[in-house]
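First comes the structure, then the notes that go with it.
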Amino acid sequence: MGIKITATGHYLPPQVVSNDDLAKFLDTSDEWIKKRTGISQRHISAGENTSDLAAKAAENILRKRGISGEEIDFIILATMTPDASSPSTACIVQEKIGATKAFCFDINAACSGFVFALSTACHFMRSGMYKKGLVLGAETMSKVINWEDRSTAVLFGDGAGGLLLEESDVDSFVAEDLHSDGSRFMALTADEKKVQNPFLSNEQNEDKQYLKMDGRGIFDFVIRSVPKTINQSIENGGLEKDDISWVVAHQANIRLLEAISKKVKIPLSKFATNIESTGNTSAASIPVLLSHMVDSKQIDIGSGEKLLFTGFGGGLTWGSIIITI
Ligand code: ACO
C-alpha cells in the first residue's frame, strides 16, 4: 500500500510584527536582522493558541480537498509549544474540526518535528490500515520567547501548516534519514519544568519558561549535519541530486540555507524560502512553506516532482524525507 499528498494548507495569525516594530523595544535594527537572518517580519499571535492555529490550517486543508473532518483516520501534530502537557494539541484540534473517528497525538522534535511527524504518518499509512491522515506542524513560539532577549526574540514567529496523506496504489514515499543527539540537548531548551511537590528534600530551582539557544553552536551543527542527511536520503532513495526538484528546508536563517546549498552542491535556486515574511516558525515552517509553494503554483500536487524535506533543531534532532508530490 502506498501514500500520496492530496492537499496542503496553512494559517498565519494576522498580526504582522516588522523588524522596526521590534527595534522600538529591543536594542536591534532592521539592518542587523535582515543581514544576519534574512527575516523582515513575522506573524505573532494576538491570543490564538497552538491548537487554534493548527485547527485553522487543518480546516484550510479539508476545504481544499472538499472533505469533512469525519473522514480523517488520524491527526499527528508536531509542536514544541503545545497548549498544555495534556491533552495533546492534536486532540484539541480533533474537537475543533470534528474529526470524530481519528486517533490523535503530538510529536515533539522541535524544529525537526514536521519531518519526524511526516515520517511517522507515512509508515502508518503504508501499513494499509488507514485511508486519510492529517499531518500538522503548529507553533506559538511567541509564548516561550524572552521578549527582552534580542538574540532570540528577533528570530521566531507563530503559525501552522500541514498536509493530507491518502492511500494510493502508487507510492509517493521515496526515502528518509532521521537522527537525534541527546548529548547536545542543552543547545536549545524551552519551558523547562522542575519537580515541585511537598516531599522534596531540596528546594528545586525555578522553572525556566523561556527559550534559550546557543545560536552559534546550532549554526555549526546545522552546517555539519544537514548536508549529510540530505545526501544520505538521496542515496537511500537510489536517486541523483538532479532528481530533486525542490529542497523544502526548515526556515531558520537564510545564511544557513546558503551554506547548506553550497556544501551539498544543490543550487540555492532549488531551496524554497519564505523566511523573509514568516521568521522561524519551528515545526510549522516546512508545512507553511509547502503550502505557500502550492498556493503560488511554484509546485503542483500530482506533478510527479520529487521534494526533499529537511528539518533540524533542538534535541538535537535532524533528518530528511523525500516524497513525490
Ligand atoms: N540585534 C543586534 N545585535 C545582535 C542581535 C540582534 N537581534 N542579536 C545578537 N546581536 C549581537 C551580539 O550581541 C553580538 O555582539 P558582540 O559581537 O558585541 O558580542 C553580535 O551581534 C554577533 O552575535 P552572534 O550571536 O555571534 O551572531 P551570529 O552571526 O551567530 O547570528 C544567529 C546569530 C542569527 C542566532 C545565528 O547564530 C543563527 O541563525 N543560528 C542558528 C539558529 C537556528 O538555526 N536555530 C534553529 C533551531 S531553532 C529550534 O529548534 C526551535
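Quick reminder: no glycine exception, Cβ is built from N, Cα and C everywhere.
For C111, H250, N280, the entry in TrEMBL reads active site. Residues or ranges marked as domain 'Beta-ketoacyl-[acyl-carrier-protein] synthase III N-terminal' in TrEMBL: 105-182. Sequence annotations record features per position, and here TrEMBL assigns domain 'Beta-ketoacyl-[acyl-carrier-protein] synthase III C-terminal' to 235-324. TrEMBL lists 251-255 with the feature region 'ACP-binding'.
If one looks beyond the region 'ACP-binding' (251-255) by at least 6 residues along the same chain, the residues whose Cβ comes under 8 Å of a Cβ in the stretch are 36-39, 111, 155, 218-219, 222, 273-276, 278-281, 285-286, 289, 312-313. Under a cutoff of 8 A between CB atoms, and with a sequence separation of 6+ in the same chain, the neighbours of C111 (active site) are M80, H250, A252, N280, S282, A283, S285, G311, F312, G313, G314, T317. Counting every protein chain shown, the number of other Cβ atoms lying within 10 Å of the Cβ of N280 (active site) is 23.
Cβ neighbour count for H250 (active site): 31 (other Cβ atoms within 10 Å of its Cβ, all protein chains included). Here the domain 'Beta-ketoacyl-[acyl-carrier-protein] synthase III N-terminal' (105-182) has a mean pLDDT of 97 out of 100.
Secondary structure from DSSP puts H250 (active site) in coil.
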